[in-house]
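Copied over from TrEMBL:
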TRANSMEM  21-41  transmembrane segment
TRANSMEM  53-74  transmembrane segment
TRANSMEM  95-121  transmembrane segment
TRANSMEM  141-158  transmembrane segment
TRANSMEM  170-191  transmembrane segment
TRANSMEM  211-235  transmembrane segment
TRANSMEM  267-286  transmembrane segment
TRANSMEM  292-315  transmembrane segment
TRANSMEM  327-349  transmembrane segment
TRANSMEM  355-374  transmembrane segment
Amino acid sequence: MAGGEQRGAPGAGRVALKKEIGLVSACAIIIGNIIGSGIFISPKGVLEHAGSVGLALVIWVLGGGVAALGSLCYAELGVTIPKSGGDYSYVTEIFGGLAGFLLLWSAVLIMYPTSLAVIALTFSNYVLQPVFPNCIPPYNASRILSMVCLLLLTWVNSSSVRWATRIQDIFTAGKLLALTLIIIVGFIQIFKGNYKELTPSNAFNFWMTPSVGHLALAFLQGSFAFSGWNFLNYVTEELVDPRRLCFSGAREGHLPSLLAMIHVKNCTPIPALLLCCLATLIIMLVGDTYTLINYVSFINYLCYGVTIIGLIVLRWRKPKIFRPIKVNLLIPITYLAFWAFLLIFSLYSEPVVCGVGLIIILTGVPVFFLGVYWRNKPKCVNRLIESLTCWGQKLCFVVYPQCGAAEEEEASSGHSWRPVSERAARK
C-alpha cells in the first residue's frame with residue numbers, strides 16, 4: 001500500500017467509515033456533549049462573576065434561552081444546507097472558502113482540543129479531590145492524570161468505534177446519574193427548610209457589585225455548560241452517511257487528505273485523532289481550567305454568531321430556496337444582539353485570553369492562501385506533500401474512505417492539499 005485509496009470490487013474489501021452509531025448512541029452523544037463536564041465546573045465560575053445567587057440563576061436561565069434561540073437558527077440551516085460538517089459547511093457555502101477555512105482552523109486548533117482539555121482536567125480534579133481533601137490537587141498530579149486519560153481514550157477511539165461508543169454511553173449514564181443525585185439531594189434540602197439563600201431578600205444579596213464585564217464572563221462560563229446544542233447538525237447526517245469534520249474539510253480541500261483517512265481494519269480516523277490528542281496535550285499545559293473555559297467559549301460564540309449571520313445573508317441572497325424549517329427573523333436578530341454584547345465586553349474584560357484566540361484564528365489566513373488558494377505549487381512542494389501523506393499512511397496504516405461515485409468525484413476534484421498523492425494512490 002503506497003498511499004491514497006484502496007479499491008476493489010464493489011462490496012468486497014470496502015474500506016469505509018462504519019455505521020456504528022445507532023439511535024441510542026446518537027442520543028447519548030448529543031446528551032454527552034450538552035451534559036458534559038461544564039455543568040460540574042461552570043457553576044463556580046458563574047457564581048464568582050455574578051456576585052449573588054439570584055443573579056447567577058438569572059444568568060443560567062438567560063443562557064439557556066439564548067442557546068434555544070441558536071438551536072432554532074441551526075435547525076433552519078441544517079435542513080436548508082444538508083451538508084455534513086455543521087457550522088463549517090454552512091459558513092463555507094454562504095461566505096466562501098476563506099471564512100470556512102478560518103472556522104475549521106479554529107475548530108481543529110482551538111475549540112475541540114480546548115474542550116477536551118477542560119473535560120480531562122475536570123475529571124482529574126474530581127478523581128484527585130478525595131486524595132487531597134483539604135487543598136486543591138497538585139498541578140503536576142492533575143496534569144499527569146489528565147494526560148493519561150486522554151492518551152487512553154485516544155487509543156480506544158483509534159482501536160474500535162464500537163468500544164468508543166460504548167464508553168460514551170457508559171459515561172453519559174454516569175453523568176446523568178450524578179446529576180440526578182445532585183438534584184435529589186437539593187430537593188431534600190429544600191424540603192428540610194434549608195432554602196434561605198434562595199429567598200429574594202438573600203438571593204440578591206451581593207458580596208460584590210458585578211460590572212458589565214463580569215456579567216459577560218459569567219455568561220461565557222455558563223455558555224460552556226450549554227455548548228453542544230449544535231452537535232446534532234453533525235450527527236444527523238452521520239446516521240445516514242457517516243462522516244467527520246476532518247473528512248468534510250479534506251473534501252473541500254481545506255485540510256490535508258491524511259486527516260480524513262481511516263484505518264484499513266478498524267475504520268477509525270487515526271491521523272485526526274492523533275492531531276487532536278497532540279493539540280489537547282499542548283493546551284493542557286497553557287492555562288487553568290477557568291481560563292480555558294473563557295478561551296473556548298469566546299471562540300465558540302464568535303463562530304456561532306458568524307454562522308447565524310450567514311442565515312440572514314442566505315435569506316437575502318436566496319429568498320425562494322426551499323426551507324422545511326423557517327424561523328422568524330426576530331430570533332436570529334435577538335441572538336446576534338446578545339452575541340455582540342457578549343463578545344465586546346468579554347474582549348474588554350479578558351483582552352489577553354480573547355486576543356490570543358483571535359490571533360490564532362487570523363494565523364489561518366496565510367495558511368489558507370499558501371495551502372489552499374495557491375493551486376499551482378512547484379513540483380517539489382507537491383512531491384513533499386505526497387511523501388508526507390504516504391509516510392503518514394504507512395505509519396498509521398490508513399486509506400481514504402470509499403464512498404459513492406458522485407462523492408468520490410467531488411472529493412477528488414481540484415483539492416490543492418492532495419493533487420499528487422491522490423493520483424499516485426490510484427495507480
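Along the chain as shown, residues are numbered 1 onward.
The backbone N, Cα and C atoms fix where each Cβ goes, glycine too.
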Worksheet item: Which range out of 53-74, 170-191, 211-235, 267-286, 292-315 gives the transmembrane segment (355-374) the most CB pairs under 8 Å?
Response: 292-315
Discussion item. Which range wins on Cβ pairs under 8 Å with the transmembrane segment (327-349): 53-74, 95-121, 211-235, 267-286?
Written reply: 211-235
Worksheet entry | Selection from 53-74, 211-235, 267-286, the stretch that has most Cβ pairs under 8 A to the transmembrane segment (95-121) | 267-286
